[in-house]
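Asks: Checked TrEMBL, it gives:
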TRANSMEM  C:43-61  transmembrane segment
DOMAIN    C:60-335  domain 'NADH:quinone oxidoreductase/Mrp antiporter transmembrane'
TRANSMEM  C:67-85  transmembrane segment
TRANSMEM  C:97-117  transmembrane segment
TRANSMEM  C:137-159  transmembrane segment
TRANSMEM  C:171-190  transmembrane segment
TRANSMEM  C:202-220  transmembrane segment
TRANSMEM  C:255-275  transmembrane segment
TRANSMEM  C:296-315  transmembrane segment
TRANSMEM  C:327-351  transmembrane segment
TRANSMEM  C:363-388  transmembrane segment
TRANSMEM  C:400-420  transmembrane segment
TRANSMEM  C:517-535  transmembrane segment
Amino acid sequence: MNENPADLAPELCVLIAAVLGLAGGLFLPRRRQWQVAVVCAAGLVAGLAAAGVAATRADLMAFDAFAVDPVTHVTRITVLGSTLAVVALARGQVRDHPRETEHYVLILLSALGTVVLGATSDLLVLVAAYLLASIPAYALAGFGKDAPGTEAALKYYLMGALLGVLMLAGVTLLSGIGRGTAYPVLRVGLADAPQAAVAAGVVALLAGLLFKAGAVPGHFWVPDVAEGAPPAIAAYVTTVPKIGAFAALYRFGAETLPDAWPALLAVVAAATMTLGNLAAFGQDNVRRLLAYSTVSQAGYLLVPVAMAGRTDLAQPAVLYYVAAYAVTNLGAFAVVVATGRDDLAEYAGLLRGSPLVGLSLVVCLLGFIGTPPTAVFVGKVLMFGAALDGHYAWLAVVAAVNTAASVFYYLRWIVPLFRRPSVPSPPARGASAVAVTAALCSLALGIGSGIALS
Amino acid sequence: MLALVIFLPLAVACALPAVPGRAVAWTWIGAAVLDLALVAAMWVGHGTGGGVSFETNVRWIPSVRAGYHVGVDGLSLPLLALTAVLFAACAVYSLRRTHRVRAFAILFLFLETVCLGLFAALDLLLFFVFFDLSIVGMYFVILLWGHGDRSRSALKFFLYTFLGSLVLLLGFIGLYLGADPNTFDMVELTRTPPLHGGLGGLTLLAIGIGLGIKTPVVPFHTWLPPAHTDAPAAGSAILAGVMLKMGTYGFVRIAMPMLPDAWRRYALVMLIVGLVSVLYGALVALAQDNVKRLVAYTSVNHMGYILLALGAAGYASGDAGARRLAVTGAVTQMVSHGLVTGALFLLCGVLDDRAGTYDLGRFGGIAHNAPVLAWLIGIAAFASLGLPGLSGFIAEFQIFAGTIGTGTAATAVTGALAVLGILITAALFLRVLHRAVLGPPGELTARVSEVRRPELAALVPLLALSLLIGVVPRVLLDTIEPLSAAVVALVGR
Amino acid sequence: MMLPGWPGGLAVDGLSAVLLATLAVVLVAVLVHAAGEKFGARFYVLMLVFAAAMAVTVTAADLVLLLMGWEVMGAMSYALIGYLWPDAERVRSADVAFLTTRAADLGLYMAAGFAVAGAHSLRLDDLAAAEAPWRDLVAAGVVVSALGKSAQLPFSFWLSRAMAGPSPVSALLHSATMVAAGAYLLLRLHPLLAATGWADTLVSWVGALTALVLGAVALAQRDLKQLLAASTCAQIGFMVLAAGLGSVAGGTAHLVAHAAVKSLLFLCAGVWLSVLGTQRLGELRGAARRHRPVGAAFGAGALALAGVPPLSLWATKDEVLADAGGGLLAVGLAASVLSAAYAAKALLAVFRPAEGGAFRVPLLESVPLAVLALGAVVLGIPALAGAWGRVLGVPEKSDVRVAALSGVLAVVTVAAVAGVRRVPEPAWAVNWLWSERVALAVAVRPVFALARALARFDDQVVDGAVRGIVRGGRWAAGLTGRRVELRVDGLVDAVGRSARWLAALARRPQTGQVHMYYAQAAVVLAVLVLVALLAG
């Protein structure tokens, strides 16, 4: 058994940064708590570097439960990179806040849980990671202590509690009938277990993971949190936990291969993308709009997850799409943070007022649609390919129709940008930089997808 | 060389924000004309032989075997030249534009790169990238510089054609998955066509719908009239002149050589869809009072001829010479329609510029104040109705002779019925001339002043080229001929 | 060679040479005459292109070039008929002329396709050798086209409309171009017609009947140009008859002689129209007497048209009828009686004595009249001498009995008309058989009605379906928005933003919202279990 802690170097970097930050924050005056942000960012950068180095090495399994393979590499890099961006976004929002330190530390801990969620191949670790990823996020959602924030936090928590309990039940059931908790064991154990029990167990397990992924039926919290929580946190909870959740879903599907998996996930995917799209149509609040857009994007992401193990395209599709999604979503939220405007109409004239931020938003929104040469385009191509190769042509058609329909509400946001300028208010500098970086990353990932994929 | 041709406009577009305000229009024209010269040089370099020249193949996404693979042959060269000519004409035409010139020029240069790239692409994914970007670019052209109910028309255009592009993408992925080894490379897919049997039919259905929406064929054409009506003149000229060709080009470049089996099996469907588009488009155009809508519907009619000819080319039992004639005619029609309809839309733009309306009934006798404009409208109208001596005739004659000459009952009957299209087109253009150009003066005639110099400089080359092709068709046909022989052989496999 | 791989081009043989020469002479005559009137550059450009198109038509060796010349000629006739474009009615006449001839031209487009299918060639020489069903189709297409261009039945009405153009245009259009092209094509493709076994008979009968019926129409006209127009149809009918009979020499001879006669007559009519301002026969009374040279020229032309020996059309018509037998001969003779009658009617109208002073005609206008009049008189001689057959390289035949009979008939008829002074003018003939009205009712109006109906269909059904889908999507979205989405803001307002937030927190689960979420999640999960069971 491999128990080399060095294999978990990225996670350890993050953990150390969180602990150092917490400890340091206790002794720092309020005005100098920005140093904690630096420590956390340094930890994340170190983690990214370690993850990058690890990605060049051979696959291995650490502590019997922690797979270090391409899925993990992508999860690590995407989560840590996204978290870095969120820290940068949050910096402007919680500057000189009495609990600034806690804010960063909670983000880091949640990110750590997310990485583990995506990397583990054992049900028990999965549950632990779920809790680690969720609990700091509940607190973060209510961080603003204002009414919408608390309500959002409460809903987030209540949904998470219910579905988490169900997930625990599912884990119990599956480990019982599968005679183990490690995925390789389950694969053998579930093959000859009673159908009904497997089905109930898998669905219960899915409940928790779909909650993290923001997919049907665990999507109810997404719009409320996106609207109620502070914008930086909204960006965080609609981006980072999803990365881990999709990695975990894909890993479970690919490594245990339950019979009903593709059909089950295909139904969930179709329902999620359709529901997210339809609900997004009438939104006038950009954060709610983005929230529903993330729900529909989760639907597309579930397509290759459903095809796990059925086609070689599934894995690159999930990984590429998830990274592309993270970049694009962060870019869009960064613009919201930068401008501080929540209403669609308030975006009138943005392109005149601050062309770079406006263009970044256009790139990100067109990216969501899947316009080449952005990153999501390549992700969508792979996603469609996976669906067709897995003989789920109907799912591909549903996804295509949904994609076309989604044009409608993304354009609703783009069109006002070109109008005459309303009141000019200069966007926040840090967030703008994040937005521009994200847009450039999206284009780079699209054009340079060959390098990224190989 | 080819990369320079494709990306020169984009490079200029990127540099344009730094150009001082008054030089923007001239920089744009300079770039467009230079690009045209480069395309012409490339044509000379390629000559009239078969095969692909100026080929570049760079790995792009190796894991799905998609690459930046571009090259030119007898099919792409005429269309590249058409693209360069039309964009140059639009640049000249827009010389006097004052509203957001810089952004307009940037967008058009971007669109030029996109269109050139599409016609040079030899990789399905690359083709799709350009295909999709053209939709985005044109959306903004309509949205920002259009008139009337522009945001609605632009949205309809985007939604409809984007849905079409996604269906097309599904078809491309079908081809990719069907190939062994999986690849998006057009050359390889053409060499060993994948997918036989039912899957081939489904893939052709997806590709056919995707390209059919773009072309457009009946019944997927209803995005076209509003988009044209509300687009600015230069936008309409590009939309009709270049972007509609993307659909028909795709049929010749992708659907026929890569799915020969399915194409032969469903050739009758293509024939009938083509025939219906021809007659339906012409008849609906006949009933229009808005001249821009009218021209838009004639596009449906003209594109129908192309599909008809390509359908006939799928009858492997037919005379090979005739099928070659049909394919050559189809490609000629793409060029001809681009030139002529581009000119017609620019002329509509002149009317709108002067009188602010496209309503036929409010004009009349404009030949009195604007004789040159009247001549230009007359020549363009006769070119569009297929008068010999102009390019439309060469294209349509070959299409009819080739389609009927294929010699099966189905092609002979559909071809003979399609000939009726040119009579209806003649009727509708005479109606336009009768109501707007000739006869006693109408309500708005006084406002229609003579064409200005930039407009003339944009329009004359288009019509002159149409005349050149009409009188000396060999300059074009000799380049296309080897290609059509190859396509007919590929479909016959 | 216009199209790569499809041999063809321009070539001159006997028939083409004769037609080219005729074209050149008539064109020069007409243009010199027109120089006397003040026409702009547009007129000469159009006239020259018109003539050039005819030249291409008669020298084309393949269907592509033939059709090119053929259609350009049609378009130029449109532009020339509508030369005075501010007058909406003239433009309408131009529309009618172009659309009618183009409708017939479709036959030639189809024939080209059938030729490719049946003969694998577009050369005119190869058409007769096409395979069986295709050969008949080619012939049918060619015949329809030629009849349309030559204004034979049932297409004759467009020629009546063509009178809206200036007189020099009519002079050219009715003699050596346009209408002659149809007759030329049938003469040229006689081997094809003969090979089918039915087309030649059909063509003969159509020609003969046109000569007869349009002769009656001509006789009934009260307008000089309309009379001449109908007589053109009738005379071309003789050429078509000749083509059907295989009398290439006779048909050509008739074509050439008729070109001289008809251009002459139209130019004379033009002179009177410009001087006297009318072309109505009643008002032209005595016109010929007021300017003797023009009157004499018109007289020579009219007598030739009447077929009075020894003038040109008498000799050439005889050559055509020499090949006819039985019914065709009878119809042909009847038609020549009618031609004598309408020519006499015109002649008498303009020569009838009346007051009014002499008028002057510029020299430039009158010289061509003299040349053409000479032609009208003497062009019968080559026919009598058998020269056409030698030029064209075809057998030539004449029949003295038929010639004598038709000569006598012509003289008698002219005398009779002079004696009677009043000819029957039935309404159907005055109105050209109402054929334009029939064409309007049968073809044009239904097509426009169909077009309007389709435009409505396009808007309401085809586009309506698209709009319906979009509406459906929006409706579904609205539904989703109402049912699934429970807004936060309203509640928040209700609850308040004070320090009571803990109490509010406790209350909130009782508002039903989170219950709703729970309930929905539970239902969905239950459904998923079902899906898993069914799929697993």
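Heads up, the Cβ atoms here are built off N, Cα and C, so glycines get one too.
Just so it is clear, the model here is predicted, and its values are computed rather than measured.
Walk me through where these features lie, including what they touch and how far apart they are.
Replies: Residues 63-64, 66-67, 70-71, 74-75, 77-78, 81, 126-127, 130, 134, 137-145, 147-149, 155, 157-159, 161-162, 439, 443 of the same chain lie 6+ residues outside the transmembrane segment (C:97-117) yet bring a C-beta within less than 8 angstroms of a C-beta in it.
Among residues of the same chain six or more beyond the transmembrane segment (C:202-220), those with a C-beta under 8 A of the stretch's C-beta atoms are 143, 147, 152-153, 156, 186, 193, 227-231, 233-245, 324, 328, 331-332, 334-336, 338-339, 341-342, 345, 423-426, 429-430, 432-433.
If you look at the transmembrane segment (C:255-275), the same-chain residues 6 or more away from its ends with a CB under 8 A from one of its CBs are 18-19, 22, 25-26, 29-30, 33, 37, 166-168, 170-172, 174-176, 180, 183-184, 187, 224-225, 228, 231-232, 235-236, 239, 284, 287, 291, 294, 297-298, 300-302, 304-305, 312-313, 315-316, 346, 350, 359, 361, 365, 368-369, 372-373, 375-376, 379-380, 383.
Through the fold, the transmembrane segment (C:327-351) approaches residues 204-205, 208-209, 211-212, 215-216, 218-219, 221, 224, 227-228, 230-231, 234-235, 237-238, 241, 245, 265, 272, 281-282, 284-289, 295, 298-299, 302-303, 305-308, 317, 320-321, 402, 405-406, 409-411, 413-414, 416-418, 421, 423 of its own chain, all at least 6 residues removed from its boundaries and within a Cβ separation under 8 Å.
Packing against the transmembrane segment (C:363-388) from elsewhere in the chain are residues 18, 25-26, 28-30, 32-33, 35-37, 249-250, 252-253, 256-257, 260-261, 263-264, 267-268, 271, 293-294, 296-297, 300-301, 304, 310-316, 318-319, 396, 398: each is 6 or more residues past its ends and has a CB under 8 Å from a CB in it.
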Asks: May I ask whether the transmembrane segment (C:296-315) has at least three C-beta pairs under 8 Å with the transmembrane segment (C:171-190), counting pairs 6 or more apart in sequence?
Replies: no
Asks: Mind checking which residues of the chain, 6+ beyond the ends of the transmembrane segment (C:67-85), have their Cβ under 8 Å from one of its Cβ atoms?
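Replies: Residues packing against the transmembrane segment (C:67-85) from afar: 2, 42-43, 46-47, 49-50, 53-58, 60, 91, 93-95, 97-98, 101-102, 105, 108-109, 112, 145, 149, 161-162, 164-166, 169, 173, 177-178, 181.
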Asks: Go through the chain and flag residues at least 6 beyond the ends of the transmembrane segment (C:137-159) whose CB is under 8 A from any CB in it; none is fine as an answer.
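Replies: Distal contacts: 70, 74, 96-97, 100-101, 103-112, 114-115, 118-119, 127, 130, 174, 178-183, 185-186, 189, 192-193, 195-196, 199, 202-203, 206-207, 209-210, 213-214, 217, 229-230, 232-233, 236-237, 239-240, 432-433, 435-436, 439.
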